[in-house]
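What TrEMBL annotates here:
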| type | residues | note |
| --- | --- | --- |
| TRANSMEM | 20-45 | transmembrane segment |
| TRANSMEM | 203-222 | transmembrane segment |
| TRANSMEM | 228-253 | transmembrane segment |
| TRANSMEM | 274-294 | transmembrane segment |
| TRANSMEM | 300-320 | transmembrane segment |
| TRANSMEM | 327-351 | transmembrane segment |
| TRANSMEM | 371-401 | transmembrane segment |
| TRANSMEM | 523-544 | transmembrane segment |
| TRANSMEM | 550-572 | transmembrane segment |
C-alpha cells in the first residue's frame with residue numbers, strides 16, 4: 001500500500017541501501033587491487049619504458065628468460081623501442097607485426113640503404129639491426145636482410161613518456177586508418193584538412209565558446225518561448241498531416257482519371273498502392289487528431305513545467321555547471337581506466353611463442369581480470385551519472401517543497417551533494433548496477449554481431465538485432481524509472497525498490513501527462529539543440545568564409561557543429577531532468593494536497609493556475625464525468 005501512505009517531503013533523512021554501498025566499496029577495492037597488481041608485477045615499467053621482442057625492458061638490466069637467446073641483456077643505455085617494420089600493422093589483433101629492439105636513439109632522418117643504417121650506427125652509436133649483428137657486418141652478413149629494418153627506414157621521433165620510436169610521416173599508417181578515412185584518397189587532401197584545423201584553431205575555440213553561451217542563454221529564456229514553440233509544433237503537425245493526406249488523395253484521383261484510357265497492369269498496381277497509402281494516411285491523421293484532442297490540456301502542464309524549470313535555474317544557478325563537474329569526473333575515471341588497461345596489456349609472465357619471441361600472458365584466474373575491469377568501466381560510469389541525477393533531483397525537490405523560497409539553503413546543490421554522500425550512495429550504487437546488468441548483455445550481443453558480420457545467415461542477423469533493440473529499449477525504460485526512483489528517494493529517504501515502486505505508481509496514474517511531457521517536451525528540447533547547432537554552424541560559415549589561408553574548412557565546421565551538439569545535449573538534458581523531477585513533485589503534491597488549510601499546495605503560482613483551470617474545466621464537464629475529471633479527482 002505504498003501508494004496510499006503519506007509522503008513527508010524532506011522531513012527526515014536516513015541511510016538507504018547500505019548493503020549495496022558496501023558491495024560497491026568492495027568492488028572498487030577490487031579495481032584498486034587490479035591496478036596495484038599490474039604495477040607490482042612490472043607492467044608499469046614495461047608500459048612506460050617499453051620492451052623488445054626478447055622480453056628485455058629498455059633502459060635497465062634484465063633477467064634471463066629460459067629458451068630465449070637474446071634475453072637478459074643490459075640495456076641501460078638503450079632507452080627507446082624501435083620496430084624493424086613499423087608500418088606492418090595487424091588490424092585484427094591491434095598490434096605491430098614486427099621485431100622490436102631497444103636502441104639508444106631514433107633515426108631522425110630517412111635511411112634508404114644498409115650503408116645508411118651502418119653509418120647511422122657508427123655515428124650515433126644506435127644499432128638498428130638485431131643484437132647479434134655488429135655494425136661492421138650490416139653490409140656483408142647475408143642475415144642482414146632479415147635482421148635489419150626494412151628500408152627505406154622512415155624518419156622517427158620518440159613518443160613523449162612512452163619511449164617508442166614512431167614514424168613522423170602519417171602516411172605510414174594509411175592501412176590502419178583506411179577504414180576511418182576512406183574518403184581521403186590523396187594524402188594532400190588529409191594534409192589540407194589538418195592544416196585547416198590548425199590555422200583556424202582560434203575560430204574553432206571561439207565558436208565552441210559561442211555554443212556554450214547560447215546553451216546557457218537558451219536554458220534561461222526557454223520558459224518564455226515554450227508556449228510559442230508548442231503552438232508552432234502543433235500547427236506544423238496539423239498542416240503536415242493534412243497536406244500529406246490531401247496530396248495522396250489528389251494523386252489517387254488524378255491517376256484514376258488517367259487510368260481509364262490506359263488499362264495496363266502497372267497502372268492498376270500504382271492506383272491500388274496510392275489508394276492504400278491514402279487510406280493509411282487518413283487513418284493516421286484521424287488518430288493523430290484524436291490524440292491531440294485528448295492531450296490538449298496536458299500540453300498546458302508541459303508549458304507550465306518548462307516555465308517553472310526556468311525559475312529553478314534562476315534560483316539554483318549552480319545547476320548550470322552540473323554537466324561540467326560530471327564530465328570532469330568521468331574524464332578522470334576514464335583516464336585512470338585506460339592507464340590500468342594499458343598496464344594489464346603488459347602484465348603476466350614471459351612465455352616463448354612459436355616464432356621464438358617473448359609474449360607476456362597471465363595464467364589461471366588472473367586472466368579474467370580483464371572482464372572485471374570492463375564491468376568496472378560500465379558500473380562506475382553509470383554510478384557517476386546516477387550521482388548527477390540524484391544531485392539534481394535533491395536540489396529540485398528542495399526548491400519545490402520549500403514554501404518560502406527565501407528559506408532555501410545558501411547552496412541547494414551542495415546541500416543535495418551532502419545528503420547524497422551521507423545517506424543515498426547505496427541507492428545510487430543499486431540503480432547503476434541494474435543498468436549495468438542490462439548494458440553488458442547488449443554490448444556482448446553487439447560484439448558478436450560485429451564479429452559475425454557477413455558470416456551469419458539472415459535469420460540469425462535478424463534475431464541478434466531484435467535482441468539488441470529489445471535490450472536497448474529495456475535500458476531506456478529502466479533509466480527513466482531509475483531517475484524517478486532517485487527523486488522519490490530524495491523526497492522520502494526510502495530504499496531504491498520502495499522508491500521505484502512509489503514512483504511507478506505515480507507515473508501510471510498520470511500516464512497521459514507523462515506521454516505529453518515526454519513527446520512535446522523532448523521535441524521542444526530537440527528543437528533547442530537544432531537551434532544551437534544551426535546558429536553556431538552559421539556563425540562558423542560566416543567567419544571561416546573570410547579565411548583565405550587554407551583551401552578546405554569542412555573539418556573545422558564539422559568539429560564545431562559536433563561540439564555544439566554535445567554542449568547543447570549536456571545542458572538541455574539537465575533541463576529535461578529538472579522538468580521530470582518537477583512533474584513527479586507536482587503529481588505527488590496534487591495527490592496528497594488539495595489547497596485546504598493544513599493541506600496547502602507546495603507548487604509554484606504557474607502550476608497553481610493550471611490546477612485552477614483544470615478544476616474549472618472539470619466542473620464544466622459535469623463534476624468529473626469524463627476522463628479529465630477522473631484524472632483530476634484527487635485534487
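Every residue gets a Cβ built from N, Cα and C, even glycine.
Remember, TrEMBL labels are computer predictions, not curated facts.
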(request) Kindly say whether the transmembrane segment (327-351) and the transmembrane segment (20-45) touch, using the definition of 3 or more Cβ pairs under 8 Å where each pair is 6 or more positions apart. (result) yes
(message) Can you work out which residues elsewhere in the same chain, 6+ from the ends of the transmembrane segment (20-45), have a Cβ less than 8 Å from its Cβ atoms?
(response) 57, 60, 336, 340, 343-348, 360, 366, 369, 372-373, 376, 379-380, 383, 425-427, 429-430, 433, 496
(message) Checking distant contacts: for the transmembrane segment (203-222), what same-chain residues at least six beyond its ends satisfy Cβ-Cβ under 8 A?
(response) 197, 306, 309-310, 313-314, 320, 524, 528, 531-533, 535-536, 539-540, 543-544, 547, 556, 559-560, 563-564, 567-568, 570-572, 574-575
(message) Which sequence-distant residues neighbour the transmembrane segment (300-320)? Criterion: at least 6 residues beyond either end, Cβ under 8 Å.
(response) 216, 219-224, 226-227, 230, 392, 395-396, 399, 405, 408, 411-414, 513, 516-517, 520-521, 524, 571, 574-575, 578-579, 582-583, 586, 604, 606-607, 609-610, 613
